[in-house]
């Protein structure tokens, strides 16, 4: 038990502070915006302080643990704790949410509700990453869906209600399987039901039952990640949502699925994971190729970026299913890396839409001369997306490759085949990424429009751009900055596979 309730404060602060937005004076939207940004900044600084001064990097066990008995009837605890696996996603959540609130500056309609929902989503995400009780994890997982649904249905494009309904149907459908898995694991085996992660990690199940539990969790995480064929909500949702919501979806929401896959499926159900991992490897490989081939056919700019997200998530799935130190560390690095890159691409797609009011790539062209700063930013992040050496995506994909090649679980022939198919996927990525830049920025299509309409990016947008670009280059040059957080925890997780 920690001496002070740091994690409870970090989880509860955003939603509590967000509920006070209703009490702010009605003096336009500026007060609400600054209040929300200050709360996000304070939360990020508090989280960073706690991790710098109260977290020991060389200890793979759970730290800063908090445990309050919440409901006596069935041993339900408010149980929080962090380790090397959850630090990266929590800091990423704070960083991207802070930037997304400053990206939401142009939102004027119902801005109080909009900013409250962003803060509520922040609490749900941090709660999911830091919960050490399976039912609390489920509650936080669900808490985060309600703000997303409202953000999608109230702010966005013409088809926003359709895409929001599709999102909630998919994710709520997946959550049913998650709840069944949570209750099944909690009620199995012991006289008293227990939902504590530590107790469940030492619990053994009959193989058939473990496979059923694993499959239930896998469906929930496959919807969220997304893993094909449960990915079809993602392009629609991204195509219609406001770009600050897209930043949160691409930067954090998709990473919750991958985090759950490691935290629950790998840690608590190791035997089932070693049975399922070859199939996950195949699905991940197909996903990279499928998304890379589907992306060039998308006319909508944001849908094309969404398919690139699906392709990048394929690398994470392959890293998780390689069951090696390098593979899993690479997957965690890719989670952080794509969190930055995905958020940045959606932010730039949104800012360019604000200026030219065009969604479809075949209507665009010639923006580079009119808006050189946006062109420079977009080109930089396109390079990061296609894993240019010196940027975080390259290191993550390289480490995942290393994980597959060194994996003792797979035969040499299957490793060569998977690596070959992944390499094809990496060759296809520049094709859709660079063709997107070409269609947007080159040509003469927009030259006959009066140029007075177009304003290049201002200081706020350049600041957000630099805030995302610096970590991408920093991690690309010195990946140990992220890997040092997770390396001990990864060894602990994998010890179940080789000694269990």
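Here, residue 1 is simply the first one shown, and the rest follow in order.
Every residue gets a Cβ built from N, Cα and C, even glycine.
Remember, predicted model here, so these are calculated numbers, not experimental data.
Taken from Swiss-Prot, the feature transmembrane segment covers 4-24, 80-100, 113-130, 134-154, 167-187, 208-228, 242-262, 274-294, 305-325, 330-350, 416-436, 462-482 (among others).
Comparing 4-24, 167-187, 208-228, 330-350 for CB pairs under 8 angstroms to the transmembrane segment (113-130), the maximum falls on 4-24. The list of residues near the transmembrane segment (208-228) in space but at least 6 beyond its ends in sequence, with Cβ under 8 angstroms from a Cβ of it, reads 170-171, 173-175, 177-178, 180-181, 184-185, 188, 234, 253-254, 256-258, 260-261, 264-265, 269, 271-273, 275-276, 283-284, 286-287, 290-291, 310, 313, 316-317. Two recorded stretches are said to be in contact when at least 3 C-beta pairs lie under 8 angstroms, sequence spacing 6 or more; the transmembrane segment (305-325) and the transmembrane segment (4-24) fall short of this definition. In this chain, the transmembrane segment (274-294) does not touch the transmembrane segment (134-154); fewer than three CB pairs sit within less than 8 A of each other, excluding pairs fewer than 6 residues apart. Same-chain neighbours of the transmembrane segment (416-436): 281, 285, 288-289, 292-293, 295-296, 301, 304-305, 307-308, 311, 314-315, 318, 361, 382, 385-387, 397, 401, 404-405, 410, counting only residues six or more beyond its ends whose CB sits under 8 Å from a CB of the stretch.
Between the transmembrane segment (330-350) and the listed ranges 80-100, 167-187, 274-294, the one holding the most Cβ pairs under 8 Å is 80-100. At the 8 Å Cβ cutoff, the transmembrane segment (462-482) and the transmembrane segment (4-24) share fewer than 3 close pairs (sequence separation 6 or more) and do not count as touching.
Outside the transmembrane segment (80-100) by six or more residues, the chain places 7-8, 10-11, 37, 40-41, 43-44, 47-48, 51, 55, 57, 60-66, 118, 121-122, 125-126, 129-132, 136, 244-245, 247-248, 251-252, 255-256, 259, 262-263, 332, 335-336, 339-340, 343, 347, 464, 467-468, 471, 482, 485-490, 493 with a CB less than 8 A from a CB of the stretch. If one looks beyond the transmembrane segment (274-294) by at least 6 residues along the same chain, the residues whose Cβ comes under 8 Å of a Cβ in the stretch are 207, 211, 214-215, 218, 227-228, 231, 307-308, 310-311, 313-318, 320-323, 404, 409-410, 414, 418, 421-422, 424-425, 428-429, 431-432, 497.
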